Amino acid sequence: MANAGSRCLATTLSFFLVSAAILLKVQGQNLVTDNISVVEGEVAIISCRVRNNDDSVIQLLNPNRQTIYFKDVRPLKDGRFQLVNFTDNELRVSLSNVSLSDEGRYVCQLYTDPPQEAYADITVLVPPSPPILEARDDLVSEGNETELSCTAMGSKPAASIRWMKGPEELQGETMVEETYDHMFTVVSRLSLTVTREDDGVPIICIVDHPAVKDLQTQTYLEVQYKPEVKIIVEFPEGLTREGENLELTCKAKGKPQPQQINWVKLDDDVPSHAVIKGSDLLIENLNKSYNGTYRCVATNSVGESYDDYILYVYDATSDLDPAAHDSRAGEGAPQKMDHAVVGGVVAVVVFAMLCLLIVLGRYFARHKGTYFTHEAKGADDAADADTAIINAEGGHNNSDEKKEYYI
């Protein structure tokens, strides 16, 4: 019994030692490969690599477990598979003109005991067709909203779409649809409110996909807007004086171009002898009755706009600084406050002089009306006329002075 038990133990120990040796050998022969992404129609490279091979056989199987290559021999009758490299440590095979049917898991197999396998997943990328960009409106008026759509069809995986308006990136709303053949169609819609500054600005649809680069298309915004109006003074360069001429030009720009330009005078009629020729207004021999606000009105299919010119006719001899006078609308009328200030200052000065004259007059009148009489000094106490005269001429220290005041 003891011998039987010893033999059983020895057999068991031998089995574990052999298994351990085989496991160490297999672990020493690492079989590796890589997943592959390839664009439809291009070439895929499948590489089965072995570290520390002991002459074990390498073979490559397709997703249906059919042998493509056994060592350097190709049993599969598909000429698109070609041997690129074969050594004890690598089996490398190319697959040309890849199609969607080639997608799947390929198997690298190493004939060891037990066999080793490594898996290479081939993913076929299908680029989308050129994007289709459509605009809801050919023309759009400023302040209104328009919508554009961009479609990328027949891709795998689904593409992503970005929008650019000039240098600015915009966000659209995207919808993804999967077709029966597991392909994808992506539609992105962009809504935006336009201004006149958007006229002629490019709107770009950019399609991002791993199978393709720089796939984009663009269109240009066509924005209609009301005229921009500005009155230009052609003559004179300085002040508008009596007897001179005034020539104004109305510059108007819009989309479409203004069909009509009119000159009017607010709260009155344009002078009867004024000459209006297209966008030009000429008034000869100016006088102050022509003062007022002259308006140029430009109209197109979108609307109308205007600009104003305030006319103030100065005296022919006026020497005011021309820079101090600006007849642009909204920037002030001719300055009448200067005359009011001067008149006020003159009135204050005149009033002050009158007050001074009154005070001085009273002062001089008071001092001029005071005088002393000496004729009567001592006359009341004199015994006769001679004594009174003597006393008057000599005077007395104790006599009172008599004063008379005239006002």
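Glycine residues also receive a Cβ, built from the backbone N, Cα and C atoms like all the rest.
Features reported for this protein in TrEMBL:
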- 40-123: domain 'Ig-like' (DOMAIN)
- 130-222: domain 'Ig-like' (DOMAIN)
- 227-312: domain 'Ig-like' (DOMAIN)
- 1-28: signal peptide (SIGNAL)
- 340-360: transmembrane segment (TRANSMEM)
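For the domain 'Ig-like' (40-123), the model's average pLDDT works out to 94. Break the domain 'Ig-like' (130-222) down by DSSP state and the numbers are 3 helix, 60 strand, 30 coil.
For the domain 'Ig-like' (227-312), the DSSP counts in helix, strand and coil order read 3 helix, 50 strand, 33 coil.
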